[in-house]
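Visitor: One structure follows; several queries about it will come next.
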Amino acid sequence: MSQKFDVVVIGAGPGGYVAAIRAAQLGLKTACIEKYIGKEGKVALGGTCLNVGCIPSKALLDSSYKYHEAKEAFKVHGIEAKGVTIDVPAMVARKANIVKNLTGGIATLFKANGVTSFEGHGKLLANKQVEVTGLDGKTQVLEAENVIIASGSRPVEIPPAPLSDDIIVDSTGALEFQAVPKKLGVIGAGVIGLELGSVWARLGAEVTVLEALDKFLPAADEQIAKEALKVLTKQGLNIRLGARVTASEVKKKQVTVTFTDANGEQKETFDKLIVAVGRRPVTTDLLAADSGVTLDERGFIYVDDHCKTSVPGVFAIGDVVRGAMLAHKASEEGVMVAERIAGHKAQMNYDLIPSVIYTHPEIAWVGKTEQTLKAEGVEVNVGTFPFAASGRAMAANDTTGLVKVIADAKTDRVLGVHVIGPSAAELVQQGAIGMEFGTSAEDLGMMVFSHPTLSEALHEAALAVNGHAIHIANRKKR
């Protein structure tokens, strides 16, 4: 006899597990299916983000930055650190332990909220039935009033650089290096490529980033992207724009990459090569032919603004649907869908999803860029404030970057906040909160910010929009 549930969630990543917990909190009988096998040979909850994405990469970024600080920056503070070394296996083991603790935490939350967990592969059948193929190969069918598909995404592989043991790797493999490569190649100058490239560059690798596009960080504000390129290049990342990889050859524990750029065909040899050219939705063996769920032309599950698919009672969230492939976007979609299933009128504002690149300095933004607004014909006022003028940043010896606030010239409503600098991810969230409630630049300028803090840079940038900044000369006074 099949088991019946109010909600069955396929996938326990940041979208799926959050949706399952919220649905259970709302009194719905909920099940969640996960098949990912972790490093210990057991099913691990948390999806790509927790196991091989957001969390482990941040652990390595933090470890590598501490090493860099000890070697290069302590002396400014009067601290003498001699003979600083890095134990890469220990660094990677620390990362693995963090992942283990967090995946176990999700399992505990499932139990606390009454979510029934199934280990295996979930497949949507007709009439909202879900087939679960367990790790032992046995199958069972769950009956659901509602199904939430949260199957996530996987790294894109490219024919010119097929994965090869531990020489050519994707983002997952790049988290497991046991030694610092002397020469590291990275294909793709997006979020993943820049973050992973930064990790190994700080530890001493000679890093070359090959980006097919001629423009660096095209989704970011042009002023911020220009500053980021300058800073990351100074840190040692050799970022080659307009470099299209055409072939690769693994030989004698190295890989030779062939690419074309403005100077014609080029070749570079690396000890390791990371392929970080994006991700694609996971839909393999996910939908039975008679499930009724349709895919769009790019292979994503088609959904409306409330994540409804073409089948009533079937929803899809996260990386498997349109929009930014971000964990926080998936989680909030999960909450929205669970609440709508429970009869609430939940909404999600897709215009205010923050984006972050966790290099150092961090790069973060929310809302629209200046170039987008100008292309749309919107007249704007812009205020900027450099961290070089921030007392708190000076005290921390971390003065690279700036905060940029963009406001509508007619209404003064804030339309975008863009940051490159220390704690950019935290600062941009303050802007997002204000923008969610329709804040104006004047509103932000009238708020009292603690002193001395990095957040004062946001305050000053907001004041600068209308020519009222205190701690820099205003470009124009109003």
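Backbone N, Cα and C atoms are what each Cβ position is placed from, and that goes for glycine too.
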Visitor: Same NAD(+) site as GLY188, ALA189, GLY190, VAL191, ILE192, VAL245, ALA276, VAL277, GLY278, ARG279 according to Swiss-Prot: which of GLU157, GLU211, GLU222?
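Guide: Swiss-Prot lists GLY188, ALA189, GLY190, VAL191, ILE192, VAL245, ALA276, VAL277, GLY278, ARG279 binding NAD(+), and from GLU157, GLU211, GLU222 it also lists GLU211.
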Visitor: Roughly how wide, in whole Å, is the group GLY188, ALA189, GLY190, VAL191, ILE192, GLU211, VAL245, ALA276, VAL277, GLY278, ARG279 that binds NAD(+), by largest Cα to Cα distance?
Guide: 19
Visitor: As a test of the contact definition, list every same-chain residue at least 6 positions from CYS54 (disulfide bond) whose Cβ is closer than 8 Å to its Cβ.
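Guide: Spatial neighbours, sequence-distant, of CYS54 (disulfide bond): PRO14, ALA327.
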Visitor: What same-chain residues, at least 6 away in sequence, bring their CB to under 8 Å of the CB of GLY188 (NAD(+) binding site)?
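Guide: Spatial neighbours, sequence-distant, of GLY188 (NAD(+) binding site): VAL209, LEU210, GLU211, VAL275, ALA276, VAL277, GLY278.
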Visitor: Calculate the distance in Å between the alpha carbons (Cα) of VAL245 (NAD(+) binding site) and VAL43 (FAD binding site), and round it to a whole number.
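Guide: About 36 Å separate the Cα atoms of these two residues.
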Visitor: Given the recorded positions ILE192, ARG279, HIS451, tell me which ones have a C-alpha lying within 10 Å of the C-alpha of ASP319 (FAD binding site).
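Guide: Cα filter at 10 Å returns ARG279.
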Visitor: Per DSSP, to which secondary structure element type does ARG279 (NAD(+) binding site) belong, with helix, strand and coil as the options?
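Guide: Its secondary structure by DSSP: strand.
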Visitor: If I take the alpha carbons of GLY190 (NAD(+) binding site) and ILE37 (FAD binding site), what is the distance between them in whole Å?
Guide: 27
